[in-house]
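The structure appears below as structure tokens.
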Amino acid sequence: GIPCGESCVFIPCISTVIGCSCKNKVCYRNHVIAAEAKTMDDHHLLCQSHEDCITKGTGNFCAPFPDQDIKYGWCFRAESEGFMLKDHLKMSITN
């Protein structure tokens with residue numbers, strides 16, 4: 001079959017392990033979703049900063065794509081204690 005070609009109407013993308021996510025009930029490669037996006041609101045995992053991910057509740061780390069022409073990154077949950085501590089300290093200072 002075609003990678004990322006499956007439907008995600010009733011179940012999530014099976015191809016998430018190869019970097020695919022659901023958009024408009026069809027699975028697409030994450031970088032394709034990001035490249036074709038008009039705004040960050042086009043997909044819940046699109047971001048331009050770590051704060052975007054935290055605000056959306058979809059992670060705490062915005063990872064850019066290697067292709068510099070793609071203006072949006074992809075949200076992930078970073079489990080590093082150092083990362084979480086750094087953010088906590090930053091928020092403590094600014095609030």
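Each Cβ is built from the backbone N, Cα and C atoms, and glycine gets one as well.
Swiss-Prot has this to say about the protein:
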type	residues	note
DISULFID	Cys4-Cys20	disulfide bond
DISULFID	Cys8-Cys22	disulfide bond
DISULFID	Cys13-Cys27	disulfide bond
**OP:** Looking only at C-alpha atoms, tell me how far Cys27 (disulfide bond) is from Cys20 (disulfide bond), rounded to the nearest Å.
**Re:** 6
Original post:
How many other Cβ atoms sit within 10 Å of the Cβ of Cys13 (disulfide bond)?
Top reply: 20
Original post:
What is the total of other Cβ atoms whose distance to the Cβ of Cys8 (disulfide bond) is within 10 Å?
Top reply: 20
Original post:
Measuring Cα to Cα, how many angstrom lie between Cys20 (disulfide bond) and Cys8 (disulfide bond)?
Top reply: 11
Original post:
What's the CA to CA span in angstrom from Cys13 (disulfide bond) over to Cys22 (disulfide bond)?
Top reply: 6
